[in-house]
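The block underneath contains the structure these notes are about, expressed in structure tokens.
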Amino acid sequence: MPSPRPACSRASTSSVTCWARTTPSNASRSPAVPHESTAFDIVVLPGDGIGPEITAAAVDVLHAVGARHDRDFRFHRHLIGGAAIDATGEALPAATLDAAQRADAVLLGAVGGPKWSDPKAPVQPEQGLLAIRKAMGLYANLRPVAPHPAALGASPIKPHLLNGVDMIVVRELTGGVYFGEKTRTATTASDLCEYSVAEIERVVRRACTLARTRRGKVTSVDKANVLETSRLWRETATRVVADEFPDITLEHQLVDSMAMHLLSRPRDYDVVVTENMFGDILTDEASMLAGSLGLLPSASLGEGRAGLYEPIHGSAPDIAGRGIANPYATILSAALLLRHSLGLEQEARCIEDAVSAALDAGVFTADLAPQGQAVSTREATAAVLAQLDVACPAVAMRD
Ligand SMILES: NC(=O)c1ccc[n+]([C@@H]2O[C@H](COP(=O)([O-])OP(=O)(O)OC[C@H]3O[C@@H](n4cnc5c(N)ncnc54)[C@H](O)[C@@H]3O)[C@@H](O)[C@H]2O)c1
Ligand SMILES: CC(C)[C@H](C(=O)O)[C@@H](O)C(=O)O
Ligand SMILES: [Mg+2]
């Protein structure tokens, strides 16, 4: 297994030229043996809002990488979310789930939007996303946070706090309050938050395995001063680390103060493991370390090889259809797909280096750029495609 090393953009002129690589090969999932095959079936779920724009960008990049490396990526588009509700009445049609379960990997844009947000509607787009995660057993959602040196100016956090920040949040994805029983009367409502020991153990093990390939530190985030589920979480995490990962430094952090420390001393964190809802909220907050929601990719993994890859952001209805969404988070999610599901580490690095080089070259969409200097989604994608040559010369020659 290659040891983790920083990704250095060859085009970089910044004094900090290495973009910390946050997802070392095969580090966070069951052994991913490099694939013998050169043909791969990738299910693409564009979804709603900016989903179609950003998945189109990532597919373009995958096509280009596939062509350069003689890989046959076969894309199969299916419906999910609001688009699926409009067409079939269901947020996750059976045909979509079936295709996803047979694919080598799934690339998803985003779901949801005002068109489908009536709380009284029989089905909501977000249910499709939760259902596919659950049905595919994708319990570990890896959300790397490594601010790019060229984009530090877009962050509201002081640059001296950001240099060297390199963490991965491992968010539990198929349990907790998201999936507990819901009740509703005219005057009350409840959402049950439930976790089993087995659910906590497996995600903590995933976090510790990942930490072993990094700085060996795991921060477990909970609310053990109030919640029973958090007390079970803390107890279980402590036992798993003591029994199985004595080499890992484990610290516990309450989620409210974590929200503060994340911004005041983000460099201190290596692997952060937490339950479903805390992970959702903390990672949107952490995106401000990187400068934009549009920069953070994610990988949702289970025990099998196939995973689901999506940016952490949503369907951004406020900018949908305008061609200005930042495609980098989705393109970087495609890189995670190549690494974790297809075992194509070199190709994954190629994409990451190309995005890094595009950022170094100042190719910023509106979420990152000073007013008047922003490029469109397509221009940003074109810059990544152009940088594939610069970022991967050795691969280009080999092929
Ligand atoms: N994984 C998903 O499919 C997912 C994730 C989060 C939210 N959602 C859904 O998305 C809808 C909108 O939610 P929201 O507005 O709270 O969150 P959001 O992430 O869609 O948008 C929040 C803000 O960030 C901006 N933004 C997000 N992605 C961007 C990108 N790639 N480039 C530039 N700017 C970007 C948006 O324009 C908006 O101002 C809701 O229906 C929500 O349920 C879906
Ligand atoms: C849309 C919503 C169900 C989803 C979540 O909360 O998991 C989103 O916020 C995310 O971060 O992927
Ligand atoms: Mg979220």
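Each Cβ is built from the backbone N, Cα and C atoms, and glycine gets one as well.
Record features (TrEMBL):
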type	residues	note
BINDING	113-126, 314-326	NAD(+) binding site
BINDING	Arg133, Arg143, Arg171, Asp256	substrate binding site
BINDING	Asp256, Asp280, Asp284	Mg(2+) binding site
DOMAIN	41-384	domain 'Isopropylmalate dehydrogenase-like'
SITE	Tyr178	site 'Important for catalysis'
SITE	Lys223	site 'Important for catalysis'
Review point. For Mg(2+), what surrounds Asp256, Asp280, Asp284 with a Cβ no more than 8 Å from their Cβ centroid?
Key: Val255, Ala259, Met277, Phe278, Gly279, Ile281, Leu282, Thr283, Glu285
Practice item. Return the single residue from the recorded positions list (Arg171, Lys223) that has the minimum number of other CB atoms within 10 Å. Key: Lys223
Practice item. Among the recorded positions Ala121, Tyr178, Asp280, Ala316, name every one whose Cβ is found under 6 angstroms from ligand 2, counting any of its atoms. Key: Asp280
Point to revise | Cα distance (Å, whole number) from Lys223 (site 'Important for catalysis') to Asp256 (substrate binding site) | key: 8
Review point. Which binding-site residues of Gly113, Ala121, Arg143 contact ligand 1 in the sense of C-beta under 6 Å?
Key: Gly113
Review point. Which binding-site residues from the list Ser117, Arg133, Asp256, Asp280 come close to ligand 3, meaning a Cβ under 6 Å from one of its atoms?
Key: Asp280
Practice item. Let me know the model's mean pLDDT on the domain 'Isopropylmalate dehydrogenase-like' (41-384). Key: 97
Check your understanding: How many Å lie between the Cα of Ala316 (NAD(+) binding site) and the Cα of Arg171 (substrate binding site)?
Key -> 22
Point to revise | From recorded positions Ser117, Tyr178, Lys223, Asp284, Ile324, the one whose Cα lies nearest Arg143 (substrate binding site) | key: Asp284
Point to revise | Coarse DSSP state, helix versus strand versus coil, of Tyr178 (site 'Important for catalysis') | key: helix
Exercise for review: Can you tell me how spread out the substrate site is, meaning the largest CA to CA distance among Arg133, Arg143, Arg171, Asp256, in Å?
Suggested key: 27
